[in-house]
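Since the structure comes first, as structure tokens, the remarks are kept for the end.
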Amino acid sequence: MSLEHEKDPGWQYLKRSREQQLADQSRPYDSKKNVWIPDAEEGYIEGVIKGPGPKADTVIVTAGGKDVTLKKDIVQEVNPPKFEKTEDMSNLTFLNDASVLWNLRSRYAAMLIYTYSGLFCVVINPYKRLPIYTDSVARMFMGKRRTEMPPHLFAVSDQAYRYMLQDHENQSMLITGESGAGKTENTKKVICYFATVGASQKAALKEGEKEVTLEDQIVQTNPVLEAFGNAKTVRNNNSSRFGKFIRIHFNKHGTLASCDIEHYLLEKSRVIRQAPGERCYHIFYQIYSDFKPQLRDELLLNHPISNYWFVAQAELLIDGIDDTEEFQLTDEAFDVLKFSPTEKMDCYRLMSAHMHMGNMKFKQRPREEQAEPDGQDEAERACNMYGIDVDQFLKALVSPRVKVGTEWVSKGQNVDQVHWAIGAMAKGLYARVFHWLVKKCNLTLDQKGIDRDYFIGVLDIAGFEIFDFNSFEQLWINFVNEKLQQFFNHHMFVLEQEEYAREGIQWTFIDFGLDLQACIELIEKPLGIISMLDEECIVPKATDMTLAQKLTDQHLGKHPNFEKPKPPKGKQGEAHFAMRHYAGTVRYNVLNWLEKNKDPLNDTVVSVMKASKKNDLLVEIWQDYTTQEEAAAAAKAGGGRKGGKSGSFMTVSMMYRESLNKLMTMLHKTHPHFIRCIIPNEKKQSGMIDAALVLNQLTCNGVLEGIRICRKGFPNRTQHPDFVQRYAILAAKEAKSSDDMKTCAGAILQALINQKQLNDEQFRIGHTKVFFKAGVVAHIEDLRDDKLNQIITGFQSAIRWYTATADAGARRKQLNSYIILQRNIRSWCVLRTWDWFLLFGKLRPQLKCGKMAEEMIKMAEEQKVLEAEAKKAESARKSQEEAYAKLSAERSKLLEALELTQGGSAAIEEKLTRLNSARQEVEKSLNDANDRLSEHEEKNADLEKQRRKAQQEVENLKKSIEAVDGNLAKSLEEKAAKENQIHSLQDEMNSQDETIGKINKEKKLLEENNRQLVDDLQAEEAKQAQANRLRGKLEQTLDEMEEAVEREKRIRAETEKSKRKVEGELKGAQETIDELSAIKLETDASLKKKEADIHALGVRIEDEQALANRLTRQSKENAQRIIEIEDELEHERQSRSKADRARAELQRELDELNERLDEQNKQLEIQQDNNKKKDSEIIKFRRDLDEKNMANEDQMAMIRRKNNDQISALTNTLDALQKSKAKIEKEKGVLQKELDDINAQVDQETKSRVEQERLAKQYEIQVAELQQKVDEQSRQIGEYTSTKGRLSNDNSDLARQVEELEIHLATINRAKTAFSSQLVEAKKAAEDELHERQEFHAACKNLEHELDQCHELLEEQINGKDDIQRQLSRINSEISQWKARYEGEGLVGSEELEELKRKQMNRVMDLQEALSAAQNKVISLEKAKGKLLAETEDARSDVDRHLTVIASLEKKQRAFDKIVDDWKRKVDDIQKEIDATTRDSRNTSTEVFKLRSSMDNLSEQIETLRRENKIFSQEIRDINEQITQGGRTYQEVHKSVRRLEQEKDELQHALDEAEAALEAEESKVLRLQIEVQQIRSEIEKRIQEKEEEFENTRKNHQRALESIQASLETEAKSKAELARAKKKLETDINQLEIALDHANKANVDAQKNLKKLFDQVKELQGQVDDEQRRREEIRENYLAAEKRLAIALSESEDLAHRIEASDKHKKQLEIEQAELKSSNTELIGNNAALSAMKRKVENEVQIARNELDEYLNELKASEERARKAAADADRLAEEVRQEQEHAVHVDRQRKSLELNAKELQAKIDDAERAMIQFGAKALAKVEDRVRSLEAELHSEQRRHQESIKGYTKQERRARELQFQVEEDKKAFDRLQENVEKLQQKIRVQKRQIEEAEEVATQNLSKFRQIQLALENAEERAEVAENSLVRMRGQVVRSATNK
């Protein structure tokens, strides 16, 4: 990075310094021992493997000073220090959770908050302000590639912006994360960056404007959306409670055009409810702030804010946020966004009304289920803000209007319902205001007059959520993230596939996007969670629990992602099911899901609000809402059609799913970029990482999922030169085996394979890179470290050997010196006393002076020699300096070229490396030489020493020079090679004149070929036109695009192979083409490419365009052009330093052009050779056209784009070649010099012919240019010919596609026809069903008529029973009571029930009075006429049986009426459903016809485009003809080409729009087809269900008719039996009178037993009733019944003993009665005994009476509970239906019980008659009956327990067993009637007991008065008969009233 960047204060937070990197990478590391181990607090900590563990799969790890034994699969590898704080985690050689966490932790500690992870950019919230978002930082990232700058949000944003401009593709940025992670802040920074970039592009056009700009408006949307959509949460003070997708539109030049916003998943519940520690939306607190004090008065906010319940449930203030300042920003943003003052005020008024509405109070009216307002102050304030009438508003809340049948009535609401309605209205109103705000912002940001060509979308949405309590909102948020993760996986898979395909890697691709498909289908597919939730919302009586049960039954054990939730732990809430997402298993609770999904509103309140006169905004936001009354009125006005809210019932899930589908469709059409925001800790503390929290977010955000995908492929990759440079040490010989880096890389890897260090599966070699599996790079790094250790060890040992050897040599020299010194010293000691030596010492100085001259001469000679050597060294130094200067210049040129091409090639970098090393060596050598020369000059006096030293230095210098010479030789060779290339180019330019002659000869042949090719091209274009016409048909079958993509990829790969093969073959044809034309063409192409780059960069476009214009003018005026070229060349020579970079680039491009020229020349030669075979090839093409009919539309579209790209490339090549022609001519220095020489010679020969000569030269140049143009046109013809061949192949494919897609279209048409026929059949079926319903109605009427007849028969039978009217009236009164009770359970209304209750009470009072009178009279009657009473009892039993039959028939009649009514209602519902289905079918047909008409319009548009294309083709043919004629000039061709390009672009744009429109229409057609299919299947399913129900109904009705017929027959028989019974009564009444006394005595004892039996039966009946009402209490009731039964049994035993005693006394009384006159004394004794027994019996009777009173009280309480249970009738009916499985079995048992009851009644009658003579036997029979009743009670209990057990198994069969329940009820009623008969008998027995008591006390004293008593009894009998007559009349009147 540049020094300027490093000076920025924010740079330290973006990238580490070099020193920090070295420090991080220098830590010790051992890949085999350093590991990560799990830690509870830190997540993972680093440890060192100490050794193997006690088991084979364990190791001992030392971490934190402790040894831990762990399993091997738990520990994770540590990455080498090279990857410490790496900027892209996908480069990690060990991709594991611990390494990812450590990398993020270490970078976050250094405040490097941005980190790449493959396609992700992970950002961690720093919890403090960092200077990394300033304008200076933004300018750093503008125009830079992602790899050039450190990770940053701006880098990703700029990449998206550049991709949009370069690839002409829409972009999207997906910013996700949990609340508080920084999504909103990053979104704002992204928007500001795009606004800055777009504005910078626009500034040049609109400089100096003062008005509000679009950039300002885009930025100002944030305060508005944050005020209404953000709130304080526990984690975040400014949390966005909604998701948004912001699309920023640009034009083709990158200028900001407009912006629009879409929002998702607004948290509506926050406006009425806030959790502790949280706050409502900011706007409520802002309007209450002090920014506009008068605003509070205007909004009637007179109370403290803490008094407003809706906004004051938790926090009121936020630390660090000033609501006054924020409100100022919000209000100013409203102004910037062009909100009018009225709109602002209306919006504030609605917010104030919301606060007032939360304080409205209501109370419950006494004794009514109706709420009423508790004060109207707050309601008046709210209505004042709404602009509506307060009375209407309150009435709409407490009494909304609902539709019942066909009428509208007011429904009373209780307090809870009113409060719930207020909350629902508050949520709905706020959501609509927020939607209006977004809509208004979009209207403001929609700028007119600027093209909206592309957009960049920014998605800010909540990330995955796994809470302790997960509800409806979490399901949808997680579903959205599931879809986004699938989108990312698929996108990453596509990029990996493209990368591997581009590099030629063979790999089996895995679409990881399919991994999440199962979970997504579980949620959104039919019978999925959302589908079943929507279904439950329309099912009557559905609850959240039924939804949970259905989900469990449908998916548990059947779907892998649906699980049973585990029990809650800790703070976890209850869950009903669990689902496995990619981020983990989530436990969901379904409470309130139905209400949240339906989100109902009070239509009456909405109608009141829509009528507001003072608040226009309120009217506007409710304008699109249609209430039920409005829909009914509209339907009535439109012909009786029914409708609901907006014509259909839309649940929240439906709306969410629709918006989500739109979002995913939009994202799939863009190039995505991913930003993942992370919360580091819950404490909001900067610099601290909570490992568990971060790992959970990485999982939820999909970062770890992305790493998992990386592991499956080859995540690590390295460029070939980099790989060779770094790992050449592993195979030095192989690294130098070739100049091709790819070959060297392959050789190195092969050497490692031979060494058994790697295998073939661990890597792949691509065209430019080497790809490695995860962990392989670390292994190779270890091998490199080992190799370096070996080399360094060997090097150190060699140095040690050298130093030791040198030391030994020095020591030997020292030893020799010592020896010499010692020898000389010894010699001196010997000579010092020698006389001759002394003489020598005296003469020696004189001899030395004499020889000084000789020494000086010698030294002078040596000096000369040294000076000569020094001069040589100096000259060598200068030559080295010159070489150094040359190398420096060459280096600067190469560096400039390298900088210009932005990266250069690996070969140039290697050359630069070698040149730099050579330069350094040369510099070092020069410095050494300079030092040595200076030393020679300074130390000239000591030449002897300097000479030795100089010699040594010269030797060293020679060695250095030799090394430098070697390097220079290499550099000179390379330079010579480049110069040779330049010379060859110049030679080629010199050979132009020679080639022109050859071209003239070939011109005619080429022209002939050209004409032939033009004809062929026209034929092919005709085929192309045919293909275009067929394209309109092909565009109707776009649904096969995905399969076509795969085939296209394979074909594309084959095409690329064939293309490379053809390109290799074309290289041999280079020598047959004009070299200058080819160079010109290729140079023009390179210049065109350069112009595109300059256009993208926007820096040098004006200079290049001026240069192009100058060159165009020079082509027209050749002489002036030559002069200008000379001036420009001179200028170029003067500014050579500035043009070196461009020249180097042109030189490189020229080399590339030469290669491409070779290829195209070979292509032309092959094309010319193939022209002779053109006819046969055309035949082959036609045959191929027939063979390739099965291709699809997607392939056609891609081929079309490819053709367009090729045409565009050819056009661009033409322009570029024409422009580069001028530059090439500037390089023709030799020609220009020759031209100068010729002009000079002409001037010297004759000045008069200068002008003529110049003109002649000009003509020659024009001829040459024309010839060049001809050559160029010839080349273009060749290219067009080759293009034509390719187009022929493409057209063949297109034709094959046409035929295939026509077949598919025919299939679709047939399918459509089938669908139409199915619709017709469905309509016919509906009509048939309607006809069947009409028949059913007729049958129902017949049944009703039959029932009326039954009623008449019943009335006749009732009227015919005058003789038994007393019993009949009693039974009818009981029937009326049970009927009232039955109706009170839900079949009649409360008012009718009260009316019936009053009537029944009156009847009961009358009956009680009559009963009292009758009892008083019957007492005396029974004394005298016992016989009559006995016969009456017999007749009563017969009447009871017949009345039971009559009651059964009446109940059957009522049940049948109810069944008929139910089926009528069902038939009406079915008719409604069929009508709705018919309407839907009509609507679908209408939409299909509309789509067909739109498709026809599109076809017409396509036909128009085809005609335009044909015109375009005709123009191309005209241009080709003009080219062959050579008559156009360069400027005309240039203009034509540009015009054609523009037309082509317009045509292509029109075609793209048409294709897009057609795709949209096709998708609509497909959706409609799916909907039609669903509707058809649903209709068939419903028809099948209704047919089954109708069949069951017919069967049940048939059974009912048979039962009624049988009942009628039985009733006729009963009537005959009654007549016979009447006669029998008349004959038997006298006999019964005689046996009265004995019966009374026997009945005294029997009554006791019967009373106990009555108590037991009554207990059983009470238990049955309680079981029906409260199933949960049945066990307790039965336990109580068992206790009472035990008591009854004990009492029964006591009574048995007492009866035995009384039997004895009775026998004695009989004997005494026979001998009454003779044994009076004995009777008195017996009378005393009877008196004692009487007292006992009286006590027992008193006890029984008390018990009877208790039971009567219980009966009254039961009746009270029955009245209260009227509201629970529906639930009881539901519970009854659940008992239907055993209904048949219970019916049989109860029939048998009924039979037993009848038998019991007969036995009782027999016992009554037999008691006269056989009292003891009667008592025994009573005991037997008691035992049988006990057994029946136990059996009934067991059967009821079995019914309870079968309850849970029979819910699903409730509907099927509906009619069986009715039969069960009837049987139960019969049983109840039997119980009532027993009760009546007990009453009679009670009276008989009283009479028996009187007889027992007075039988002796009043024996003589019997005759008088009989007379009195006769009188009372007459009175009783009159009473019976009166009672019979009452019964008749009551029956008539019924």
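Cβ atoms here come from the backbone N, Cα and C positions, even for glycine.
Keep in mind that this is a model prediction, so the values were computed, not measured.
Residues or ranges marked as region 'Disordered' in Swiss-Prot: 1-27, 919-951. The annotation compositional bias 'Basic and acidic residues' is assigned in Swiss-Prot to 16-27, 920-951. The annotation domain 'Myosin motor' is assigned in Swiss-Prot to 84-785 on the grounds of sequence analysis. Annotated N6,N6,N6-trimethyllysine per Swiss-Prot: Lys128, in sequence order. Taken from Swiss-Prot, the feature ATP binding site covers Gly177, Glu178, Ser179, Gly180, Ala181, Gly182, Lys183, Thr184, and the record attributes it to similarity to another entry. Positions annotated as region 'Actin-binding' by Swiss-Prot: 660-682, 764-778. Taken from Swiss-Prot, the feature region 'Rodlike tail (S2 and LMM domains)' applies to 846-1938.
The sparsest Cβ neighbourhood within 10 Å, among the listed recorded positions (Lys128, Lys183), is found at Lys128. Considering other CB atoms within 10 Å as the measure, the emptiest surroundings among the binding-site residues Ser179, Thr184 are those of Ser179.
Per-class residue totals from DSSP over the region 'Disordered' (1-27), listed helix then strand then coil: 16 helix, 0 strand, 11 coil.
Cβ neighbours of Ala181 (ATP binding site) (same chain, under 8 Å, six or more residues apart in sequence): Asn125, Gly463, Cys677, Ile678, Ile679, Gln697.
Neighbour counts of Cβ atoms within 10 Å were compared for the binding-site residues Gly177, Gly182, and the top value is held by Gly177.
Long-range contacts of the region 'Actin-binding' (764-778) within the same chain: residues 31, 77, 79-80, 93-95, 500, 502-507, 710-711, 714-720, 723, 742, 745-746, 749, 758, each at least 6 residues beyond the stretch ends and with a Cβ under 8 Å from a Cβ of the stretch. A distance of 13 Å separates the Cα atom of Gly180 (ATP binding site) from that of the residue listed as 'N6,N6,N6-trimethyllysine'. Within the chain, the region 'Actin-binding' (660-682) has long-range Cβ neighbours (under 8 A, six or more residues past its boundaries) at 104, 108, 117, 119-125, 127, 153, 156, 159-160, 163, 167, 169-178, 180-183, 186, 235, 245, 262, 264, 457, 459, 463, 479-480, 483-484, 487-488, 491, 688-690, 693-694, 697-698, 701-703.
Across the binding-site residues listed here (Glu178, Gly180), the residue whose Cβ sits among the most other Cβ atoms within 10 Å is Glu178.
With helix defined as DSSP H, G or I and strand as E or B, the region 'Actin-binding' (764-778) counts 3 helix, 6 strand, 6 coil. Separating the Cα atoms of Lys183 (ATP binding site) and Lys128 (N6,N6,N6-trimethyllysine) is a whole-number distance of 15 Å. Taking the C-alpha positions, the distance from Glu178 (ATP binding site) to Lys128 (N6,N6,N6-trimethyllysine) comes to 18 Å. Gly182 (ATP binding site) sits 11 Å from Lys128 (N6,N6,N6-trimethyllysine), counting Cα to Cα. Those residues of the chain, other than Gly177, Glu178, Ser179, Gly180, Ala181, Gly182, Lys183, Thr184, with a C-beta within 8 angstroms of the mean position of the ATP site C-beta atoms are Asn125, Asn236, Ser239, Ser240, Ala462, Gly463, Cys677, Ile679.
Residue counts for the region 'Actin-binding' (660-682) under DSSP, split into helix (H, G, I), strand (E, B) and coil, are 9 helix, 8 strand, 6 coil.
For the pair Ser179 (ATP binding site) and Lys128 (N6,N6,N6-trimethyllysine), the C-alpha distance works out to 17 angstrom. The residue listed as 'N6,N6,N6-trimethyllysine' is 15 Å away from Thr184 (ATP binding site) when you measure Cα to Cα.
A distance of 18 Å separates the Cα atom of Lys128 (N6,N6,N6-trimethyllysine) from that of Gly177 (ATP binding site). Reduced to three states, the DSSP call for Gly177 (ATP binding site) is strand. For the recorded site, Thr184 (ATP binding site), the DSSP three-state label reads helix.
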